[in-house]
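Visitor: The transmembrane segment annotation in Swiss-Prot covers 9-29, and the record cites sequence analysis as its basis. Among the features that Swiss-Prot reports, topological domain 'Lumenal' is placed at 30-721. Summarising the annotation, Swiss-Prot assigns region 'Disordered' to 59-89. The N-linked glycosylation site annotation in Swiss-Prot covers N80, N107, N231 and rests on sequence analysis. Annotated region 'Xylosyltransferase activity' per Swiss-Prot: 97-372, in sequence order, evidence recorded as similarity to another entry. According to Swiss-Prot, the Mn(2+) 1 binding site annotation covers D201, D203.
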Amino acid sequence: MLPRGRPRALGAAALLLLLLLLGFLLFGGDLGCERREPGGRAGAPGCFPGPLMPRVPPDGRLRRAAALDGDPGAGPGDHNRSDCGPQPPPPPKCELLHVAIVCAGHNSSRDVITLVKSMLFYRKNPLHLHLVTDAVARNILETLFHTWMVPAVRVSFYHADQLKPQVSWIPNKHYSGLYGLMKLVLPSALPAELARVIVLDTDVTFASDISELWALFAHFSDTQAIGLVENQSDWYLGNLWKNHRPWPALGRGFNTGVILLRLDRLRQAGWEQMWRLTARRELLSLPATSLADQDIFNAVIKEHPGLVQRLPCVWNVQLSDHTLAERCYSEASDLKVIHWNSPKKLRVKNKHVEFFRNFYLTFLEYDGNLLRRELFVCPSQPPPGAEQLQQALAQLDEEDPCFEFRQQQLTVHRVHVTFLPHEPPPPRPHDVTLVAQLSMDRLQMLEALCRHWPGPMSLALYLTDAEAQQFLHFVEASPVLAARQDVAYHVVYREGPLYPVNQLRNVALAQALTPYVFLSDIDFLPAYSLYDYLRASIEQLGLGSRRKAALVVPAFETLRYRFSFPHSKVELLALLDAGTLYTFRYHEWPRGHAPTDYARWREAQAPYRVQWAANYEPYVVVPRDCPRYDPRFVGFGWNKVAHIVELDAQEYELLVLPEAFTIHLPHAPSLDISRFRSSPTYRDCLQALKDEFHQDLSRHHGAAALKYLPALQQPQSPARG
C-alpha cells in the first residue's frame, strides 16, 4: 500500500512530464536555431522570437508594432526571411578574414584604432586589413601596427591619392570629401585575387565576433554581390523636410557603413561601368551626392535590386540625427555593430546615447597592449621582429635583481605619431624643432612652453590609452594649445614599470621635420627670444656639412613656483645675483653642467668652445640626423650623459651660445628619481648599464673610448637629482 500522498505526488510528476514534452514540441524550432547560430550564442538573428530569443527577424526588419513607420517594403516577400531556416556555419577556425577601410587624416586615424580594438577584442580568426589611406594616415597607422605587433593580423596599404582621379569628377556635399567616395572603386583597387571583403566606415564599433558577419556571405544567392543593412532613417523617403530630394533608393535605401562585398561577382558584372553610368545619369538632375558613396550604391541597387542581400539590422545600428534604430535595438538582445553615422558623432541627440557612448568609451580607453595576447592558435607569419623579441625575453632571468631594467629595454611600445592634427612647418634652411618628452603629470607645462617657443615642436607623451583621451580633451579645451598646429604630439603607450625616457626622446627626435633640433626637457622654459636666436646662430656659425657642432644652451633653475621670467641675459644675471635663479643643479649635481663655464658665459660676447668632462649633460642644438639616445637607459640616471658621450666620441664640437638660456621650473620628484635615491639595487643596475654602454662604445670607437672609462666607473650618488 502506498503511503498517504504518494499517488498525488506521482500524478503531479506525470503532469509536469507532459508539460515539458509539450514545451519541447512547441519550442523545439527555437532551440534548434540556438544550436545553429554561428558563434554558439543563443539568440540567432534569423529566428522567430521565442521566450529567450531576440525579436529581430532574419533580415533585421522589424514587423508589426516594431516596424519602422511608413515602411514601404514591409511585405512578406521583401525581407529575405528564412523562417528559422539553417543558419550559416561559422567560417573555419583559421580562415583569413579580409577587411577594407578608407582612412584619411589625423582624426580618422584615431577612429580606426578604436574600431580595430573592438574587432580584435572579439575576433577568433586571423585578419587581413586593407587600408586605403592618404600620406598622413599611412604614416600614423604604419608606425602604429609595426609597433603594436598584434599576432595574426596583416596590414596592406593602398594610396588614396592614386584613386582620387576615379572619383574626383563627382560633386559631393558630404563632410568626408573625396575619401567618402572611394569605397566605389574597391573592386578595382584591391587585389584581383581577393574575392570577398568586409568594408567598414571608421566610425563603427564591433560588439561581436566579426566572423559572424563574415558567415553571412553564405546567405548570398548566386547573383547577389553586396550585403547591406537597411537605412534606419527616413532620409531616402524624402520626407525629412520640405523640398528634400534624395537620390533614388529601393524603399528606405541601405546604409554603407558596413558592407559585405563579393568582389569577384562585382568585377564579372562590370561594376565600374555600372556605377559610373548610374552616377552620371543621376547627376544630370541632382547637383551632388549628399551621403557620398551611399547615394550611388543606392541608385545602383534601385536599378539592379538583385545585387543586394539584406543583412540583419543588428549589424549596423545607426545613431544618426534622424535615426529610427530604436526599433531595431529595443527588440534585439544581441547588438553586433554600432555606427556613429552622425556628423556630431558621440554628441548626437539620442535618449539612449549614454549606453552607446559608454560602450564606445570602453574600447576607446581599452589597453591595446592586452590585444597582443594570442588566445587562439593559427598558423600565421609573426609580426616583424616578434620571434627575436620572444627569444630575448625567454633568456631573461626573473631572479636577476635587474630583471625590470632588462625587460623594459626589450619592451616594444605602441607608438601613435601625430596623435592630433599637425601642419608641418614650411621648409627653412636653419629651422629648429624643440624636442622633449613628458608624462601625464607634466601636461600643465605645455601652455607655458607654447608661449615661450613660437617654433615647431615634437613632443613624445608616455600615456595609457585612457590618459591619451584625457590629453586630447586637455588640448581641445586650451585656446593656446588648440591654436598651435605646428606642435606634433606623439603618444607612446605605457607598458612596464620604468620610464623609457630615451625611447621617448628617440620617437620625438625621429618625427622632427626641420634641419636642426633643440634637445630639451619638458620642465624647462626657453628664453622668449631663443627660437629666433638659434636660427640666426646656426646661419652665422655655418653649421651643417661644413661643421659638426652641438650648440650648448646654458641651463638655470628657480626654486620658486612663481617668478618674473627674464626677457634678456641682463635680466637673468640680475636674478642670478639676487639668488632667485641658480645654475642648474648647482646644489645637487654641479658636475652635470659645470663644463659650460658659467663664469665665462657671464662676460661672453661670442660663442666659445668647451671640452667634454665626466657627467656633462648640457641641453644642445644639433642637426636632426644626430646620434640617437641609447634606449638601454630607462628610469632615472645617465640617459642624457650617455648621449653627450656619444656626441663627443663622434667629434662634435661643443659651442656655448652667449645669449641663449633656458630655465628649469620646480616640480615634485618623479617615481624613478625616488627609487634611484632610495634603492641601492636600482643604482647597482644603473652601474651595470653603464658598464655595458662602455663595452659597446669600445667596440664602435676603439681606443678612443678609453677616455670615458673613468667617468663610467664613478659610482652614482644617491643624493643626485
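Backbone N, Cα and C atoms are what each Cβ position is placed from, and that goes for glycine too.
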Visitor: For a quick check of understanding: among the glycosylation sites N107, N231, which residue's Cβ has the most other Cβ atoms within 10 Å?
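Guide: That would be N231, with the most Cβ atoms nearby.
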Visitor: For the binding-site residues D201, D203, which one has its C-beta crowded by the most other C-beta atoms within 10 angstroms?
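Guide: The largest 10 Å Cβ neighbour count belongs to D201.
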Visitor: In Å, rounded, how far does the Cα of D203 (Mn(2+) 1 binding site) sit from the Cα of N107 (N-linked glycosylation site)?
Guide: 11
